[in-house]
Amino acid sequence: MLQQVNGRSPGFGARGGESLSEDLREFLVGEAPLHQLDDLTKVNPVTLETVLRCLQARYMADTFYTNAGCTLVALNPFKPVPELYTPELMREYHTAPQPQKLKPHIFTVGEQTYRNVKSLSEPINQSIIVSGESGAGKTWTSRCLMKFYAAVAASPTSWESHKVAERIEQRILNSNPVMEAFGNACTLRNNNSSRFGKFIQLQLNRAQQMTGAAVHTYLLEKTRVACQASSERNFHIFYQICKGASKDERLHWHLPEGAAFSWLPNPDRTLEEDCFEVTREAMLHLGIDTPTQNNIFKVRRKPTSPPSGRGDRRLLA
Ligand SMILES: Nc1ncnc2c1ncn2[C@@H]1O[C@H](COP(=O)(O)OP(=O)(O)OP(=O)(O)O)[C@@H](O)[C@H]1O
């Protein structure tokens, strides 16, 4: 069938085209409403049109997740859907005897992967790849997965280990605002576009409780610091500092009130990502204390000697 769809089958003639059109018509006016097809492998014939019509019907019915065999297709709702991400729903997917029998959801992927780690002999590492074009919802999805694991993999029995788990959970969740402040920017396609790739590793012990996390980042779009497309912005952190610094901090960081920086275009545009307090709070939770933060946020004066290169982590404005 796929060969016919592509129209490249050697035997693809007028008759083949007719039968495909018939199949297509039959499928589209068939008895099962399209939005009820929760797995794209059930779509028949598999054509771009049928797949898109199915996803569109599900989108119109506020159903944003669809299976495609062992892959999950996540549609960006472009609106808040809080009921899709409640702790109760996390628990439901976590405790379900067969989560794959529940409605397709990112929590199914999270839970199945979590269960796959456990093996009778040796634990098996698992990976989830979140891919899609800019604005598709990758960052959102990764955040959901981290929240899910922070909830399900941090429920130890003793009070002491509960405290440790809570601290790890907080640190994992707090890594997001920090990474997003320093690595995300407003682009034409996405107000909060990640300008870097990341590999997030969550570490579990034998009891499947979270014991730590590591984040490896790569391909940061460093050129954005000095060069931004028109209507785009520099990294969020620069705007956060300019908008959120107190009078004392401005003095300390060499940041005059109302200063305009040519590398910070579109400063009047206010985004929800501009919240400096959230970034600073998250940095504190990650162990980046106030003196270190001050050192990071200080605007560097014109160097009297050549810049020290890679080791200098202060932000240029
Ligand atoms: N499941 C969701 N529920 C509600 N809003 C969502 C969801 N997924 C994405 N969004 C919205 O879409 C915006 C863009 O999503 P996100 O930043 O995750 O895209 P991305 O794929 O990471 O893009 P980029 O590659 O540019 O970083 C989010 O800021 C959020 O407003």
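Glycine is treated like the rest: Cβ placed from N, Cα and C.
So that you can see what the record holds, here are the features copied from TrEMBL:
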BINDING   G132, E133, S134, G135, A136, G137, K138, T139  ATP binding site
DOMAIN    35-317  domain 'Myosin motor'
REGION    298-317  region 'Disordered'
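As a whole-number mean, the pLDDT of the domain 'Myosin motor' (35-317) in this prediction is 90. Cβ neighbour density within 10 Å is lowest for E133 among the binding-site residues E133, G135, A136, G137, T139. Residues within less than 8 Å, Cβ to Cβ, of K138 (ATP binding site) and separated from it by at least 6 positions along the same chain comprise V130, S131, G132, S194. Close to the recorded ATP site, the chain also has N76, N190: residues not among G132, E133, S134, G135, A136, G137, K138, T139 whose Cβ is within 8 Å of the site's Cβ mean position. The secondary structure of S134 (ATP binding site), as reduced to three states from DSSP, is coil rather than helix or strand. Close to S134 (ATP binding site) in the fold, though at least 6 residues off in sequence, lie T187, R189, N190, S193, each with a CB less than 8 Å from its CB. A helical conformation is recorded for T139 (ATP binding site) in the three-state DSSP classification.
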